[in-house]
Amino acid sequence: MLNPIVRKFQYGQHTVTLETGMMARQATAAVMVSMDDTAVFVTVVGQKKAKPGQDFFPLTVNYQERTYAAGKIPGGFFRREGRPSEGETLIARLIDRPVRPLFPEGFVNEVQVIATVVSVNPQVNPDIVAMIGASAALSLSGIPFNGPIGAARVGYINDQYVLNPTQEELKSSKLDLVVAGTEAAVLMVESEAELLSEDQMLGAVVFGHEQQQIVIQNINDLVKEAGKPRWDWQPEAVNEALNARVAALAESRLSDAYRITDKQERYAQVDVIKSETIATLVAEDETLDANELGEILHAIEKNVVRSRVLAGEPRIDGREKDMIRGLDVRTGVLPRTHGSALFTRGETQALVTATLGTARDAQNIDELMGERTDSFLFHYNFPPYSVGETGMVGSPKRREIGHGRLAKRGVLAVMPTIEEFPYTVRVVSEITESNGSSSMASVCGASLALMDAGVPVKAAVAGIAMGLVKEGDNFVVLSDILGDEDHLGDMDFKVAGSRDGISALQMDIKIEGITKEIMQVALNQAKGARLHILGVMEQAINAPRGDISEFAPRIHTIKINPDKIKDVIGKGGSVIRALTEETGTTIEIEDDGTVKIAATDGDKAQHAIRRIEEITAEIEVGRIYNGKVTRIVDFGAFVAIGGGKEGLVHISQIADKRVEKVTDYLQMGQEVPVKVLEVDRQGRVRLSIKEATEQTPSAAAPEAPAAEQGE
């Protein structure tokens, strides 16, 4: 029999339900979590035994949105869901980051978390629901996991923090922050903000962590009622004698190697030391495992770097804790791009471009939460050559998608609205060298490239990555961390913003016990670093260029009567197609009558504007126009009078005498003066050649052939 166990609790303005025991009973654990009609089904499967020779923790997190959750059928030929979207990839990373550090050291059994969105309320984002579900499922599973975690979204509306704001509330919020953590400590922060202060950001993190305690309490209560027995897993016993022998051979040599400031030289020397140490030990005892020796050497490396930092000694590359690496900033480095910059910080370098397009270049995104159009695109590429390696080149990986999204958040707060700057903007960051914080280099490069392109950004923005080394109560916060310091440290803390405040904050903590004081120190130290970088950037370019690139399309905006839109478009789009071909421009028309003409040549744009004005001009009764015969019928002729307008000249209005045959007087393509007699309710125009020639005698009236006149 199915015996579901359910927990219900109020979480901010929403009701959350946790249910287990109903579905997927062959999985290690399964939970259905719902928050006001948004429901996510989360399963966990863990392997009881690790694969032989496994030397890393194979945790996989899959997040998938089913279109039936929103009452939709997928598009595409096959009408079913395909590869994960960018949004799904970002949420999978959001779930992964706070749970990964909570598995014990040495646990290498394969674990897979699958979160499936099965129902969605457009006002409640599934990401927080999925994070709660993953935490609950892992806690119920019995797998060694030092959770549970809670998760919360924090908004900032009318100077007040708001817990789990709805999608509608987020539109007026100056902050969108997701925080996850255990009962004791914050583990992850992901946010974008409208240039808030350090204190406001820290307050949001603390608020979110306090509010999510109710989630942790309810998961713990559910585990007491329905949790599986904890696995009897023990880490492998530490071979103290072997550790001591490896340390004796390698520790002092590794300590010397980590005084080499050049990354490639240091890596080469470290590789030599490791290879020689392993070779020596295996020669002494053939039963030793090279992978195990590699892990011991890695632990020694970590200890060497950390102990030096904690002792106040210079860092790996010789810097003090709050020193930024040398900066080189250049703009306009690529001649034909609309905007470009090369930003170099030590051994990290980003070549960033900005491209301007029209509204039709914007990305149409069809999500479960509804359709939207994105007119600011940010793409981050991390080729293998940036770290001196070979590798696959192809579609972006999870890391590239995540870093691109973070960099975009860093710049978003200073971007103009589509009304202020009616262009689609695409920024691409090519990481050409990498040794720490390429995403923050992308923020700096993007700010420079946008200014170089003439995009009216509100301010320059810069980003910096901070690190942390902590042992007991002793801690050191590091500015502008290297790749090694990120890997061997306890925290990765990225902050982007302008001189006025923070635009993006991302934090990943690998240990418990990060206090509010440590976060405060890190934020303040990051501010000093950010202002230093902005000072250097401003020497290269301190304001957006006054004009956009000569190679960028110039968008001219005019307004027409919405009733005239159909005239500009024409039947089946015939008029607008002809206009774009004739003028060499791109023309977009909005429902309110706003017309945007994009052209790289100003004369072409003016030509298009004149033609549109002709088409939309009101026909004046009694006015004389120059027309061209477009069609001849038995009862008269149709004459085009410019602007796509056409009227009928009845046979009785061709000449001041009786006309038997229209073709005796008019030919196709013939230019004639016409007077507007009437425009009826349906917009049909009556014209007269006879009255036009009477009014303007200089205009020759059409005559019958000479033979006819002589009769």
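Cβ coordinates come from backbone N, Cα and C, glycine included.
Annotation source Swiss-Prot lists Mg(2+) binding site at ASP486, ASP492, citing sequence analysis. ASP492 (Mg(2+) binding site) counts 21 other C-beta atoms within 10 Å of its own C-beta, drawing on all protein chains shown.
Summarising the annotation, Swiss-Prot assigns compositional bias 'Low complexity' to 694-711.
Sequence annotations record features per position, and here Swiss-Prot assigns domain 'KH' to 553-612.
Across the range of the domain 'S1 motif' (622-690), the DSSP-based residue counts are 8 helix, 33 strand, 28 coil. What Swiss-Prot lists as domain 'S1 motif' is 622-690.
Here Swiss-Prot flags 689-711 as region 'Disordered'.
Summarised as a single figure, the pLDDT of the domain 'KH' (553-612) averages 87. All protein chains considered, the CB of ASP486 (Mg(2+) binding site) has 19 other CB atoms within 10 Å.
Look at ASP486 (Mg(2+) binding site): DSSP puts it in a helix.
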